[in-house]
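Q: The structure follows.
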Amino acid sequence: MLRIAILGRPNVGKSSLFNRMCKQSLAIVNSQEGTTRDRLYGEIRGWSVPVQVIDTGGVDKDSEDHFQKHIYKQALAGAGEADILLLVIDIRCGITEQDAAIAKQLLPLKKPLILVANKADTLKDEHHVHELYKIGISEILTVSASHDKHIDRLLQKIKTLANIPEIAEEPVEEIEEEAQISSHEILSPEESLSDYEEEEILFSKPPASDKPLKIALIGRPNVGKSSIINGLLNEERCIIDNIPGTTRDNVDILYSHNDRSYLFIDTAGLRKMKSVKNSIEWISSSRTEKAIARADICLLVIDATHCLSSYDKRILSLISKHKKPHIILANKWDLIKGVRMEHYIRDLRSTDVYIGQSRILCISAAKKRNLRHIFSSIDELHETVSRKVPTPVVNKTLASALQKHHPQVINGRRLRIYYAIHKTATPFQFLLFINAKSLLTKHYECYLKNTLKTSFNLYGIPFDLEIKEKAKRTN
């Protein structure tokens, strides 16, 4: 994989360039300095090799500010792991002392280095290019990230430096011919889907993918999300402080554990709109829900020393809304004294209907207690979500439930379930064919869902019952 790091002092347009290169808005862009605090990871798609772009925070080497020291450390780490470095400056300001200091740090790394003179919005701005060579970097390109100007030229220069070949395009005629052949092979001319009974239509899990499992860490500010990431990875990847909202962007972190790849999405804390005081915090809050939608599995981090808050319940309802498998991580467990873990979990389950259906793991990021169980819990949950429940097992389970608690008689009729299938895994859904929807009460539907949940260990997996009426077949 080719890795490209974007570096520079604050407010020169690094995040705008990052978004242009990745062709999506992954980094928050704002005129306020220090918007990007952690390393952000994106990818350039459509190249012949995998390409990762690393956006780093604005570097101020001499600052005594607590955050700036962390940002400087993160930026150097990003430069260290990259193959190609992009030093971004504001061409309207020329070469500043900060720009020169950063270049002095990067040149000894002996890596391909491009000086990207950003904010060259007009031809007049580009007239000052010759003045930039005094910084000691031979490769200089002018761009305007905000106007999408010369970005393609920059990408082509990166390809040249990295010796990346272009992808040969397949002729349109060959693609169309292949599509026509494939469509004819689906069914023979004598067959159609109507020839098959619904019972015979099989639903199987998708083929195994080598893509990383996307894990979103969700939670209100200051519950320890970044501490958990750093504890899992044994590396300080996310800036940590006791000020709520330290992480503003969603930070993508790729990690391999036991031959499996995980993409952790460390999110900004989600807050009620009343507490969102500026545009950056609002964008961060909205991105939390986007991270939920993007993830394969969500880890909801709560503070074990506090009661479940309305924020926590709101986040959990968002996870349920998006039908995402999830695990609740009760962090700061080391601060709980005199309470047995099973009693805490039991009491926590009783506080909210969604909590009662969730998987719960008590951990301590500060003491690194039970962190090793997070990976095994993720793997177990993913395996449960990925499997297909055999149709005979589904029907046997529901038949047993009907026998155990008979549905009530309504207008002289009783509910009958002819058959059921596990229809889809993402989202998890069962399809039931019954005699009449009017005979399935909400109470009894809840009973059937609880039966399926306990029988197939579907805790932490929101699922639905799709109900279809099927008239009794007469010969």
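Using N, Cα and C of the backbone, Cβ positions are placed for all residues, glycine too.
According to Swiss-Prot, the protein carries these features:
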- 2-166: domain 'EngA-type G 1' (DOMAIN)
- 8-15, 55-59, 118-121: GTP 1 binding site (BINDING)
- 213-386: domain 'EngA-type G 2' (DOMAIN)
- 219-226, 266-270, 331-334: GTP 2 binding site (BINDING)
- 387-471: domain 'KH-like' (DOMAIN)
Q: Given the binding-site residues Asn11, Thr56, Ala120, which one's Cα is the least distant from that of Lys225 (GTP 2 binding site)?
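A: That would be Thr56, nearest by Cα distance.
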Q: Tell me whether Gly219 (GTP 2 binding site) sits in a helix, a strand or coil according to DSSP.
A: coil
Q: Can you tell me the three-state DSSP label for Asn11 (GTP 1 binding site)?
A: coil
Q: If I take the Cα of Asn11 (GTP 1 binding site) as reference, which of the binding-site residues Gly219, Asn222, Trp333 has the closest Cα?
A: Asn222
Q: Could you round the CA separation between Gly8 (GTP 1 binding site) and Trp333 (GTP 2 binding site) to a whole angstrom and send it over?
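A: That separation, Cα to Cα, works out to 40 Å.
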Q: Take every residue in the domain 'KH-like' (387-471), average their pLDDT values, and give the whole-number result.
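A: Here the predicted model's pLDDT, averaged over the domain 'KH-like' (387-471), is 92.
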Q: Of the binding-site residues Thr56, Val59, Ala120, which one sits closest to Gly219 (GTP 2 binding site) when you measure Cα to Cα?
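A: Checking each of Thr56, Val59, Ala120 against Gly219 (GTP 2 binding site), the shortest Cα distance is to Thr56.
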Q: Where's the emptiest Cβ shell within 10 Å among the binding-site residues Asn11, Thr56?
A: Asn11
Q: Under 8 Å Cβ-Cβ from Ala120 (GTP 1 binding site), six or more apart in the same chain: what's there?
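A: The answer is Ile91, Glu126, Thr142, Val143, Ser144, Lys149, His150.
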Q: Out of Lys14, Thr56, Val59, point to the one nearest Asn222 (GTP 2 binding site) in space (Cα versus Cα); all of them are binding-site residues in the record.
A: Thr56
Q: Just the number: how many Å between the Cα atoms of Lys14 (GTP 1 binding site) and Trp333 (GTP 2 binding site)?
A: 39
Q: At the Cα level, what's the spacing in Å between Val59 (GTP 1 binding site) and Trp333 (GTP 2 binding site), rounded?
A: 36
